[in-house]
Amino acid sequence: MEMLGKNIAILSLNPLKKCVCRPPSYMIVFSFSRGRMMEVRRICCIGAGYVGGPTCSVIAQMCPEVTVTVVDVNEDRIRAWNSDSLPIFELGLQEVVDSCRGVNLFFSTDIDEAIKNADLVFISVNTPTKTFGIGKGRAADLKYIEACARRIADVSSGCKIVVEKSTVPVRAAESIRRIFNANTKSSLSFQVLSNPEFLAEGTAITDLKNPDRVLIGGDETPEGQHAIQALRSIYEHWVPKNKIITTNTWSSELSKLAANAFLAQRISSINSISALCEVTGADVEEVAHAIGTDQRIGSRFLKASVGFGGSCFQKDVLNLVYLCEALNLPEVARYWQQVIEINDYQRKRFSSRIINCLFNTVTDKKIALLGFAFKKNTGDTRESSSIYISRYLLEEGACLHIYDPKVKAEQIMQDLTKPTPSERHDTDTVSRLVTIVTDPYKACENAHAIVICTEWDMFKELDYERIHKAMLKPAFIFDGRRILDSLHDQLQHIGFQVETIGKRVNQRIPFTTSGDRSEMDQPQPLKKNKL
C-alpha cells in the first residue's frame with residue numbers, strides 16, 4: 001500500500017523503452033524543502049511484482065485523482081499486466097485492475113522517464129537471500145535496491161521522496177541515503193522513507209483495502225516529517241488515521257522483520273507440538289484450539305502443516321539471524337535460527353513418513369502431489385514446502401505427478417531444477433521423474449499415494465471413491481494441510497489408509513475385492529534413482 005500524489009509509476013531496474021506515462025492530473029501534497037507546499041503529481045514505484053502490482057492497483061482505485069504508472073524491466077511481465085491474463089493470481093486483483101487500467105493506472109517499461117517525472121518513487125524490487133559470498137544463505141542481497149538508488153540519483157532533479165517498499169535489513173535506508181548524498185546535484189534533494197508492506201498472499205487485496213496498520217518511518221528532521229505527512233495523506237484516502245503509525249526509519253525497518261519472524265515462530269511452535277501429538281495420541285487441532293482460546297495467545301497462525309513458505313518468512317528470519325550475528329548477539333541469532341530448523345524438520349519428517357508408510361521405499365512408485373503453491377488462493381511457489389517435499393521424494397526415486405490449479409508447469413519445473421546454496425539438481429532426472437498434469441484425477445490414476453501439500457478448497461470436494469478405484473492398493477492419503485479431517489471416516493470406509501499432521505488416525509483395514517489391483521501384482525523396482 002504505498003502511494004502519494006497524483007501520478008504514480010512503478011518501476012524495475014534497467015531502463016527499456018515504451019513509456020506509457022500520462023500527463024499529471026492535479027493533487028496538492030507537500031514540499032519538504034523549507035516546509036513549502038507543492039504539487040505531487042507523479043509517483044513512481046520500482047517493480048511490478050507481488051507487492052508493487054497489487055499495491056499500486058489498489059492505490060489507483062482508491063485515489064482516482066492519482067495517476068499510477070507501474071514500471072518493470074521485464075517486458076513480458078508488463079505485457080501481462082496490460083492484458084487480461086495478469087502475471088500473478090490474487091483474489092479480486094483482476095477486478096481492481098480492470099476498474100482503473102487505462103484511466104489512472106498504467107504499466108510501462110520506460111523506467112528513466114517514469115523516475116524523471118515522479119515526485120515520489122517507491123522501490124519495490126526483489127531482495128533475495130544471498131547465494132554466495134559473505135552471508136551466503138542468510139543475508140539479504142541488496143544489489144537491486146542499490147541499482148535502483150543509483151538510477152534514481154542519476155536521472156532525477158528537483159525534490160523527490162524515495163520510499164522503501166521492499167523488505168530490507170535494518171539501516172538499508174541509510175545506505176540509500178549515502179548513495180544519494182554522494183550523487184546529489186545542487187538542484188536535487190531527497191527524503192528517504194520506509195513503508196514496509198504487510199500483505200498476506202491470497203488475501204492481498206483485502207489486506208490493502210482494510211489494513212491492520214500502515215507503517216511509515218522517516219527522519220525526525222522537519223524535512224523528514226514533511227515527507228512522512230505527504231505519504232500519510234495518500235493512505236488517508238481510505239485508511240483510518242488511527243491505523244497509520246509513524247516511527248523513525250530504523251524502527252520501521254526492524255518492525256517488518258520482527259513481524260514476519262513472530263508469525264513464522266508461531267507456525268514452527270505449533271508444528272513442533274504436532275510431532276509430539278503424533279507419538280502421544282493427542283490431536284494438534286484440539287491442542288491448538290485449547291491454547292488459542294486464551295486471549296493472551298489467540299488462535300491465529302496455530303495451524304499445523306508441512307511448514308511455512310512464501311517469499312518473506314524464511315528470508316526475513318534468516319536476515320534477522322544474520323543481523324544478530326553481525327551485531328554480536330549470538331544467543332539471539334540461535335533463538336531465531338531454531339524457527340527455521342523446526343520448519344525444515346517438519347518437511348523432512350513428513351517426507352520420511354510417506355516413505356516409511358509405503359513399505360520403506362518409493363523408488364519408481366507413482367505419487368500424486370496435489371498442490372504446489374505455498375498456500376491456497378495464490379500462484380506463488382517461492383519457498384513452498386511442496387518444493388522441498390518433492391525434492392526429498394525425488395531423491396528416493398519417486399515418480400511424481402503434480403497438479404496445482406494456479407501454478408504453471410514451467411514454474412514447477414523451474415523450482416525443482418533451480419540450484420540452492422547447498423546443492424544443484426539434475427535437470428534430466430527431474431524431467432524423467434516429474435509429470436505435470438492439468439487434472440487431479442489424472443494425477444491419481446495408478447498412484448500408490450496422494451500427498452496434499454496445498455490447502456486448495458477444491459481438494460475437499462474431489463470424488464475420492466472414484467480416485468480410490470483408480471489407485472493401486474493399499475491406497476494412501478497423506479494430508480499435509482489437515483483439510484480432510486471431516487472426511488477421515490468416509491475415506492477409511494472407502495478403503496484409504498489416511499495419514500495426517502499432528503494426529504494418529506486409527507486405521508481400519510478394508511475388505512479388498514478381487515478386482516482391486518494390489519501393489520504386489522505390480523512390477524517391483526530394481527534400483528533406486530538418485531537426484
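Any Cβ shown, glycine's included, is placed from N, Cα and C.
Taken from TrEMBL as is:
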BINDING   47-52, Asp72, Arg77, 125-129, 166-167, Glu201, 312-315, Arg382  NAD(+) binding site
BINDING   197-201, 256-260, Arg296, 303-309, 374-375, Arg481  substrate binding site
ACT_SITE  Cys312  active site, nucleophile
DOMAIN    368-486  domain 'UDP-glucose/GDP-mannose dehydrogenase C-terminal'
REGION    509-531  region 'Disordered'
At a 10 A cut-off on CB-CB distances, which of the binding-site residues Asp72, Glu197, Glu201 has the highest count? Asp72
Given the binding-site residues Asp72, Asn126, Glu201, Gln314, find the one whose Cα is closest in space to the Cα of Phe374 (substrate binding site). Glu201
Which one is it, among the recorded positions Glu197, Ala200, Leu257, Ala304, Cys312, that lies nearest to Thr129 (NAD(+) binding site) by Cα separation? Cys312
Report the nearest neighbour of Gly307 (substrate binding site) in space among the binding-site residues Gly47, Asp72, Asn126, Glu201, Gln314, comparing Cα positions. Gln314
So of Ala200, Leu257, Ala304, which of the binding-site residues has the fewest other Cβ atoms within 10 Å around its own Cβ? Ala200
Select the closest residue to Gln314 (NAD(+) binding site) from the following binding-site residues, measuring between CA atoms: Glu197, Ala200, Asn260, Ala304. Asn260
C-alpha of Glu197 (substrate binding site) to C-alpha of Cys312 (active site, nucleophile): distance in Å? 11
Taking only the recorded positions Leu257, Asn260, Cys312, which one has a CA atom nearest to the CA atom of Tyr50 (NAD(+) binding site)? Cys312
Of Gly47, Asn126, Glu201, Cys312, which recorded positions come within 10 Å of Leu257 (substrate binding site), going by C-alpha to C-alpha distance? Cys312
Between Cys312 (active site, nucleophile) and Asn260 (substrate binding site), how many Å separate their Cα atoms? 7
Count of other CB atoms lying within 10 Å of the CB belonging to Phe374 (substrate binding site): 26
Mean predicted confidence [pLDDT] for the domain 'UDP-glucose/GDP-mannose dehydrogenase C-terminal' (368-486): 94
Would you mind reading off the Cα separation of Gly47 (NAD(+) binding site) from Ala200 (substrate binding site), to the nearest angstrom? 18
